[in-house]
Amino acid sequence: MTLLLGPPGCWKTSLLLALSGNLDRNNEKIVQKLSIPSTGSKDHFRSCFSLSGWEQYKSCLWKQQLSYWRSPSYNLTRLMFAFMSSLIFGLLFWQQGKNINDEQSMFTIFGSMFSAVMFLGINICSPVIPFIATEKTVIYRERFAGMYSSWAYSFAQVTVELPYLLTVAFIFTVITYPMIGYYLSAYKVFWYFYAMSCTLMYFNYMGMMLVSLTPNTQVAAITASATYTLMNLFSGFLIPQPRIPKWWLWLFYLCPTSWTLHGLLSSQYGDIHEEITAFGKTNTVASFIEDYSGCHHDRLGLVAAMLIIFPLTFASLFAYFIGKLNFQRR
């Protein structure tokens, strides 16, 4: 009998497996039957999410705020970096803001603006890439589970960055503006803070956008490095706008750093009519920056609009592609 039935308890296991198989098939039939709405029935659910879009956004913002507060290696590091780099820039260009005598003096100031924009911008963009890449794995899982929409997460992610970016811009403005010694007025200080705030935002959101467009951190970092080169070359400092070939001007106007330098240089010196000696000729400061760099004080309204358009564009593209693209291996 033992040979026919097998080891003790084996027949019980076989019976349980047979019953579970029948139960599984019955459950599948019930699911298929209930998945088809009956004739005349109406769908009373407006969306597949339990909360409205606004409630989803608030929940995601609360989650992201806690995540950022508990990530000092990311946030505290960039705040300390902003403080230290601001002191270094202030000491390097100590009281050079009003010491304008010739073209070399203007190049020194222009160089300080260019180096600050690229230095802070790159060091804001680079750390955000691995951080958002980690978050991207989480959103894949939670979006598949139907917890919230990708738009709610994306806008919360964009919003939670704002206080930290504005704090970095505030630290940089408070430290470097009096140390470099620019012309002091509320109008000029506001423009300095506004230009740096928008610059940090579009660098940050550009890094987030690259993460949403690429399959992994390595590809995003390589793409960001190539972008830094273009933003460096067509910023208007290495090659002034009047000297850029006409067939490359479209890339100059498409480069966000060119608008930042335009805004910084024009707002600080576009209305200064003190005479200087530039290239052996006597000229005013305002006329010199117009002739040499193509920065016009009367175009600051356009510059202000473009500076806010770039971060809004990058943030919107990040929100769109993080929801549309899925790089998970199937």
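Just so it is clear, glycine is given a Cβ too, placed from its N, Cα and C backbone atoms.
Taken from TrEMBL, the feature domain 'ABC-2 type transporter transmembrane' applies to 55-269. Taken from TrEMBL, the feature transmembrane segment applies to 76-94, 106-133, 164-184, 191-213, 219-240, 247-265, 300-322.
The transmembrane segment (76-94) and the transmembrane segment (164-184) are in contact, since at least 3 Cβ pairs between them lie under 8 Å (pairs 6 or more apart in sequence).
Of the candidate ranges 106-133, 191-213, 219-240, 191-213 has the most C-beta pairs within less than 8 angstroms of the transmembrane segment (300-322). Put simply, of 164-184, 191-213, 219-240, 247-265, the stretch with the most CB pairs closer than 8 A to the transmembrane segment (106-133) is 191-213.
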